[in-house]
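**Q** To start, I am sharing the structure in question, which I have written as structure tokens.
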Amino acid sequence: MRILIANDDGVYAPGLAALYDALADYAECTVVAPIQDMSGASSALTLDRPLHPVSMPNGFIGLNGSPTDCVHLGLNGLLEHTPDMVVSGINLGANLGDDVLYSGTVAAAIEGRFTGRPAFAFSLLSRLPDNLSTAAYIARALVEKHDRLELPPRTVLSVNVPNLPLDHIRGIQLTRLGHRSRAKPPVKQANPRGKEGYWISVAGDVEDGGPGTDFHAVMQGYVSITPLQLDRTFREAFDGLESWLENVL
């Protein structure tokens with residue numbers, strides 16, 4: 001089996017190397033990852049310039065594009081053999097609740113939804129790599145069992161791992177996405193020459209993080225697995241919209 005590995009932290013990220021090392025003796029793994037950190041890139045595709053793959057000394061392929069670019073090229077002609085599945089991560093930082101809308105890690109997995117196998121996005125709840133070995137172990141264990149899964153086509157599994165040693169993990173829970181409140185306002189700042197700019201600020205506080213959510217699971221020491229689908233249609237809104245549209249045309 002052939003696995004395409006991507007991420008959004010960049011080709012030099014320790015989480016990417018940890019994921020590759022965890023899977024390299026299980027399948028034929030190829031890494032295509034952004035040359036620079038592309039956190040928050042979501043599902044952006046680069047359309048205004050050409051993309052140039054670069055072979056790295058460790059055998060990884062770096063790309064001057066987004067995480068989605070990496071998977072798009074990796075599945076569509078960049079590689080000699082088309083990968084059978086896509087695994088993304090390991091992200092240093094959580095991708096919980098609304099985070100999945102912005103996450104390049106999750107977006108890379110979403111771009112891998114057409115392979116016929118589940119795509120995985122792995123995230124560790126820390127900006128530091130101290131417990132990457134825990135997330136790598138979980139990634140290997142889950143990917144190894146993927147052929148026993150019976151899921152609808154184009155399912156993406158977002159996996160968040162608590163920042164704990166493996167023997168402190170309490171188990172694994174299936175979860176739904178929680179929700180955050182509105183993000184904190186951007187921070188206005190002037191550079192040394194007096195030109196003002198803005199920094200995107202931190203995510204909002206947890207607003208919906210009760211039992212059953214991804215937030216709750218990881219805070220209790222459990223690995224959270226949230227199945228995602230591309231269809232974001234809000235069907236409960238149909239009734240209100242139908243009455244609103246009466247007599248418009």
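Note: Cβ is positioned from N, Cα and C throughout, glycine not excepted.
Since the structure is predicted, the reported quantities are computational estimates derived from the model, not experimental observations.
Reproduced below are the annotations present in Swiss-Prot:
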BINDING   D8, D9, S39, N91  divalent metal cation binding site
**Q** Other than D8, D9, S39, N91 themselves, what residues in this chain have Cβ atoms within 8 Å of the centroid of the divalent metal cation site's Cβ atoms?
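**A** Neighbours within 8 Å of the Cβ centroid, excluding D8, D9, S39, N91: N7, G10, A13, G15, D37, M38, P67, L92, G93, S103, G104, T105.
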**Q** Three states by DSSP: which one describes D8 (divalent metal cation binding site)?
**A** coil
**Q** Of all the binding-site residues given, S39, N91, which has the fewest Cβ neighbours within 10 Å once its own Cβ is left out?
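**A** Counting other Cβ atoms within 10 Å of each of the binding-site residues S39, N91 gives the minimum at S39.
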**Q** Any idea which of the binding-site residues D8, D9 has the thinnest Cβ neighbourhood at 10 Å?
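**A** So among D8, D9, the binding-site residues given, the one with the fewest Cβ atoms within 10 Å is D9.
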